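S.K.: Sharing a structure below in structure tokens format, with a few things to ask.
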Amino acid sequence: MSSIEIRNVTKSYGALQVLHGIDLNIVDEEFVVLVGPSGCGKSTLLRMIAGLEEISGGDVLIDGDRINDVSPQKRDLAMVFQSYALYPHMTVAENMGFSLSLSGAKKPQIQKEVGEAAKILHLEDYLERLPKNLSGGQRQRVAMGRAIVRDPKAFLFDEPLSNLDAKLRTHMRAEIRQLHQTLNATSVYVTHDQIEAMTLADRIVVMNAGRIEQVGSPIELFDTPMTKFVAGFIGAPTMNFFDGCVQADVDANPYITLGADNSHVPLPEGMKNHVGQQVSIGIRPQHILAEPAAPESGMITGSVSLVEQTGCETNLLLSAAGQQVTVQTKERMNVATGDWVNLSLKADCLHIFDQGTGRRLN
Amino acid sequence: MSSKAKFSLLCWGALMPLMVVILFPYATMLSTALKRKDEIFQFEISWLPDGLYLGNFVELFVNRGFGQAIFNSIYISVGATLVSLLVALPAAYALSRLKLPGKSTFRTYLLITQMISPIVLIVGLFRLFAYLGMINDLNALVFAHSAFYMAFAVWMLQSYFDTIPKDLEEAAWMDGASRFASFRRVFLPLCLPGIAVTSLFTFVNSWNEYAMALTILRDGSLQTAPVRIAFLTGTLYETEWNIIMAATLIATLPVAIVFASIQSYLIRGLSLGGVK
């Protein structure tokens, strides 16, 4: 397996620039997930690593060798496509052994390698079937099998689970992670699903509008998002944001008031330097405490507009501080639509961002 | 009777006149081809011949040289189909897959060429082949036909190629296949229905072509089947319908055989490619 280095890579289609100077190092045996909304450039970047898209500027290196001008055939990378891209006229065994047959391997060796890959992926009983006679999950496995049957320098995954139903996606997610633990293969995985990113990745690269917003471990991104975009993108349900101005009380302690009810939310000490600055306060739905109560002055009060019981959690959709707020709690709350609740924000769980730049301040 | 059966009967009833129009010439052809000459001109016409008389076919092949005409037609049609495919396949692939400047203009140009009837170009073509010393050369017709039907072949193949997902080729490249290997081992097998349909249209067009064959092939031994059939009608003081019908019956056979042999591809091809 190998390392992949991306140095100041750009991509333009005519006058339209879709990637703006991407820098990224992927170390040997690492599982890196590129995540971001549709159109952020993550698939384009993956295809540039694969050699399926031309590189407009910058360099891509594999094991220190510049491969900008190397054709996809010679990069020795394996790719799993979103559409699986199985050859419809070939059986499962022929699909999986195609790369080996191209490299001139003998039939017994192809059979052996395909057999081993089929065993790992539980495909032994389907080797003589055509792709059209397989279920979505089986097709996905064949696509994986085609990648692992040879020993490539790295695996590239382009949203491989997006065509599966929710249950199968969860199952295949676990299989991919287990496969990575078995093979220890350097992998680059593209998805727009942040749950997939959180569960699979050693490191996540969050992309937005052709730029890298933040690179870090799943927990780093969840706990300390460096931009408002990352904070809103990572985590489900999504983070709540409140806009306001940092103020100081008589003791010079920073605080912020939210909404029309002038609720007083104390801010960390470090925010003393930002008094007078317009900020966005972010807080995850899990970090808001909700208690059924009558509206009270000085508190953030919300009226319940929707209650979702998932069994493990209760999700409340509220109208509070002049906007919609989501609260998630492990407790079984006995509230109904129209009830009032008092909200308190856990002070150590606040994420404070500059309203203009979206950069983290605390 | 269920409403579905009634609807089905109604549909068949509505289709009957069309069926008659299509089948009547074949029935006449078959009936007349199997009759003796004196049987045809009887006052009371009967559809069924008195016996299974194959003498018309023997006469056609032994004394009228129709076997040679069929061979000429097959040579020209197969040759024209192969040559036009040989050029149209890479051309259509390039139009479908490669970034080329002026691609849409070129496609429009191809379409415009189909609006010109070959008949208006006959004199020019005759002079061209005369200059090249190719009058009375079957290969002249092979080239002329392939040139005329190539634009259609490119147009149709490109439409079909566009329906093949690009991911499949890219997957083959990632598996280590060169552009040619991915074309041959992945792309081409998936395009067989489109290729079959295109081949069929080219073959049938070339097989039925009359004006160019008449003009360029002056020697009687080089005549194609349609030209020879036309000559059968007006060469004697009498019109030998039994011989003519036997000839037309035989002339439909190669097309029918080609149709039958690629039928399974054709059904898929027509449904996938949306031909014409």
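Cβ atoms here come from the backbone N, Cα and C positions, even for glycine.
In case it helps, TrEMBL gives these features for our protein:
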DOMAIN    B:70-262  domain 'ABC transmembrane type-1'
TRANSMEM  B:7-27  transmembrane segment
TRANSMEM  B:74-96  transmembrane segment
TRANSMEM  B:108-132  transmembrane segment
TRANSMEM  B:138-157  transmembrane segment
TRANSMEM  B:186-204  transmembrane segment
TRANSMEM  B:241-262  transmembrane segment
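Can you tell me where each of these features sits in this structure?
M.R.: Remote same-chain partners of the transmembrane segment (B:7-27), defined as residues 6 or more beyond its termini with a Cβ less than 8 Å from a stretch Cβ, comprise 1, 47, 252.
Distant neighbours of the transmembrane segment (B:138-157): 72, 75-77, 79-81, 83-85, 87-89, 91-93, 95, 107, 110-111, 113-114, 118, 125, 129, 132, 191, 194-195, 197-198, 201-202, 205-206, 209, 212-213, 216-217, 222, 224, 273, 275-276; these residues of the same chain sit at least 6 beyond its ends, with a Cβ under 8 Å from one of its Cβ atoms.
Residues 77-78, 80-81, 84-85, 88-89, 93, 145-146, 149, 152-153, 156-157, 159-161, 164, 168-169, 171-172, 177, 255, 258-259, 262, 265-266, 268-270, 272-273, 275 of the same chain lie 6 or more positions beyond the ends of the transmembrane segment (B:186-204) yet place their CB under 8 Å from a CB of it.
Sequence-distant contacts of the transmembrane segment (B:241-262), counting only residues of its own chain at least 6 positions beyond either end whose CB sits under 8 Å from a CB of the stretch, comprise 26, 28-30, 32-33, 35-37, 40, 56-57, 59-60, 64, 66, 70, 73-74, 77, 196, 199-200, 203-204, 207, 225-226, 228-229, 232-233.
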S.K.: For the transmembrane segment (B:108-132), give me same-chain residues lying six or more residues beyond its boundaries with a C-beta closer than 8 angstroms to one of its C-beta atoms, as numbers and ranges.
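M.R.: That would be 140, 144, 148, 151-152, 154-155, 209, 211-212, 215-216.
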